[in-house]
Amino acid sequence: MAASVENRQFSHIEAGLSRSFKPRSDSPVRGCNFPPPNSTNFQKKPNSTIFLDYSSSEDDDDDDEKNEYLQMIKKGNSELEPSVHDSRDEGTADNWIERNFSLIRLTGKHPFNSEPPLNRLMHHGFITPVPLHYVRNHGPVPKGTWDDWTVEVTGLVKRPMKFTMDQLVNEFPSRELPVTLVCAGNRRKEQNMVKQTIGFNWGAAAVSTTVWRGVPLRALLKRYGVFSKNKGALNVCFEGADVLPGGGGSKYGTSIKKEFAMDPARDIIIAYMQNGEKLAPDHGFPVRMIIPGFIGGRMVKWIKRIIVTTQESDSYYHFKDNRVLPPHVDAELANTEAWWYKPEYIINELNINSVITTPCHEEILPINAWTTQRPYTLRGYSYSGGGKKVTRVEVTLDGGETWQVCTLDHPEKPTKYGKYWCWCFWSLEVEVLDLLSAKEIAVRAWDETLNTQPEKLIWNVMGMMNNCWFRVKMNVCKPHKGEIGIVFEHPTQPGNQSGGWMAKERHLEISAEAPPTLKKSISTPFMNTASKMYSMSEVRKHSSADSAWIIVHGHIYDATRFLKDHPGGSDSILINAGTDCTEEFDAIHSDKAKKLLEEFRIGELLTTGYTSDSPGNSVHGSSSFSSFLAPIKELVPAQRSVALIPREKIPCKLIDKQSISPDVRKFRFALPSEDQVLGLPVGKHIFLCAVIDDKLCMRAYTPTSTIDEVGYFELVVKIYFKGIHPKFPNGGQMSQYLDSLQLGSFLDVKGPLGHIEYQGKGNFLVHGKQKFAKKLAMIAGGTGITPVYQVMQAILKDPEDDTEMYVVYANRTEDDILLKEELDSWAEKIPERVKVWYVVQDSIKEGWKYSLGFISEAILREHIPEPSHTTLALACGPPPMIQFAVNPNLEKMGYDIKDSLLVF
């Protein structure tokens, strides 16, 4: 922890650090000259004049302002370390993109969503270096080239056509101006601390300002003859190139009203340059929308189509993103009552907001005879939407009883229409003794329409537009022996980083709500209490079946006594034992399971104390960029004979995809090394992991390839499309995501998991206990055939394994039967050992020789063996099938379902 009172001001004209880096070889315009040099082959002589519209003045002030921005860009680039290929992008579709290592990742490895450390963002002042600009990606970054990229203008226009990038640059007037971009989820983690939203944890740095150059949208639409309002032209829709899983596979798209698009005062541009360079891949290369004063979600990147329509965009992301619904509406209610489609809740313009950036999180201000003789300067940023000027920022040290008006710094001048498109900065000198007597600092801003920020947080299901007073808490501490100081705490830290006063208060609230009864833990010698604190190193020691601890949302649970009762088998717990498995737990467990977890809580995770090298170290004292470096990974051998590594996710590349039927696909994924086998025991399964709509999604699958295949594994997957089954209108989240994957895409795989393992020659290991059978009654429903198929494969591959198999396989229709060709082939070639019987609810084909309806006692009696000490039943299918068809009918036949039925 930095203990310093050098209250340094980072204004936009401050001299840069004495540091320089060589320009990248692929970036000839590293110096950010305006316009870029001809050597880039980027811009030919334009047919219309390029003009700068920074302000309303008509004199040399424009040139002065342009030069000032240029100096800021040069200064920022000179202080910035080069972007690199981040090891965290290895195995993802974004592995070709260079990124700044200090960006804080908010959604794991992929997709890339990030914000800079708040102190680094503020260090650069008004203009943000492009590598530090926050990033919001819904999926992989599309690849494209300048020469091949086209944008289509269509819909209600007289002359629909496509234009190239060279045409955009050379045949249209351009405009260049600084614009602040803000994600509507800025400060969302504060909302997640109150109640979890459906969004990930943005901190307070989802905001950046750069200089954008592009063609005014109104000029483009005029050129192509946009129709009038009377002829139905009411909206302008934008569609990107990125193919995303939402809605069963769709492009990112949204729309704005046509009067916005045609309003010259709104300065809406189709941008192709940022800070004097071509757009970076993460920011929309080669072309994107910039809509000043609007939320970032309306500014479509990698734009491919502009459509003038009567109706607003029908994109999944236009309706299911960027809405502020009333606080009582949760995700379930929003879906059942169609709240997403109510136009009054859409977000367009930004709201008024302000943040305290100095003091930074965990900064310490020593209290002594010297520091108390000079004021301390509080600092921060503020912005508003719609071009409205921030006119006042106020700070309170007494909970809102009194307010002090801050000094404002507006580095931009208004446009000729009086608009302000950028953030501003505020500062206030306060007496140190006043800070010592206060408990918190709070800030609020006002804009020219006299809108201000609410005192209290207003929760909404998407966690959007949080703009309550930003509060920094203060506590007295002892940074050194014989010395006292004030330690400052921000409300949260971005992403999954620990820290912040809201996290502490949440833990205290949960502890107060915990039941008073004490529960004895099997694996720990003490009584369980919610208040006991453990370090991460202590948790890591409990990673075995003898003592299995897990961390979920900062709470520590001893799951040892639940190992034998877990529906997915002990492997499902042990694969995460000794780790923080918050994301994975939330991805695969219901609310009921989350409530059951509380019984096993033994304490809380001890967060990092106040140290000078913490992530939020003060920018006022000595700091090093090393604090932003990712942990150095331990070197491991590059080649392994087995791909799966317990407790780790491995990236696997999609190398082949075949359509077996309209809704069945066979996927082949390459393992990390060509000489590896997957390493999945027969009978167990793997998890496929993907971030879909900003949340981790994990689903269990059993490969259909044999266990000894080298270099790859295969999955046969039924795709559950949206709008097909009335009970599941959105379809299957993971199966639709898989169907949308392009060849070359990567997917994370984790395993092995499961409580059943077939060891050959009729031997099974179930929950660690041996079982044996000469005959197997194999009952499957739908996609539940895959683990049964896997066991059959292993048996038939071993010439010494003479286990008999009797398969009853249920589906809705004949077309839903998976792997039928393979099953029928085995039954035909080895009829004495393999018998297969199908059950379908409805048959539309003539000559159907199998059963109709549902699995019944009569069907089972006819097609599976009678119970005996050498007979086991294996079952996999939907829970209702197991509960209402398999269990009762096997019991009627005399099976001991507790001992002789194995359910995958």
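Glycine is treated like the rest: Cβ placed from N, Cα and C.
What Swiss-Prot says about this protein:
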{"type": "BINDING", "residues": "CYS183", "note": "Mo-molybdopterin binding site"}
{"type": "BINDING", "residues": "HIS566, HIS589", "note": "heme binding site"}
{"type": "BINDING", "residues": "699-702, 716-721, PHE728, 733-735, THR786", "note": "FAD binding site"}
{"type": "COMPBIAS", "residues": "1-10", "note": "compositional bias 'Polar residues'"}
{"type": "COMPBIAS", "residues": "39-50", "note": "compositional bias 'Polar residues'"}
{"type": "COMPBIAS", "residues": "56-65", "note": "compositional bias 'Acidic residues'"}
{"type": "DOMAIN", "residues": "531-606", "note": "domain 'Cytochrome b5 heme-binding'"}
{"type": "DOMAIN", "residues": "647-759", "note": "domain 'FAD-binding FR-type'"}
{"type": "REGION", "residues": "1-65", "note": "region 'Disordered'"}
Number of Cβ atoms other than its own within 10 Å, given for MET734 (FAD binding site): 21
Counts of helix, strand and coil residues, the domain 'FAD-binding FR-type' (647-759), according to DSSP: 8 helix, 58 strand, 47 coil
For TYR720 (FAD binding site), the number of other Cβ atoms found within 10 Å of its own Cβ: 19
The residue listed as 'Mo-molybdopterin binding site' and ARG699 (FAD binding site), distance between Cα atoms, whole Å: 30
Residues satisfying Cβ distance under 8 Å from VAL716 (FAD binding site), sequence separation of at least 6: ILE660, VAL664, ARG665, LYS666, THR704, THR786, LEU818, LEU819
CB within-chain contacts under 8 A for LYS718 (FAD binding site), separation at least 6: ASP663, VAL664, SER735, GLY782, THR783, ASP816, LEU818
For the domain 'Cytochrome b5 heme-binding' (531-606), mean pLDDT (0 to 100): 77
Site of maximum Cβ density within 10 Å, from binding-site residues HIS566, ARG699: ARG699
For the binding-site residues TYR701, PHE728, the one whose C-beta sees the most other C-beta atoms within 10 angstroms: TYR701
Intrachain C-beta neighbours of CYS183 (Mo-molybdopterin binding site), sequence separation six or more, cut-off 8 angstroms: TYR134, ARG136, TRP202, ALA206, VAL207, ILE295, GLY296, GLY297
Pairwise CA distance, TYR701 (FAD binding site) versus HIS566 (heme binding site), rounded so that it is a whole Å: 18
Packing count at THR786 (FAD binding site) (other Cβ atoms within 10 Å of its Cβ): 23
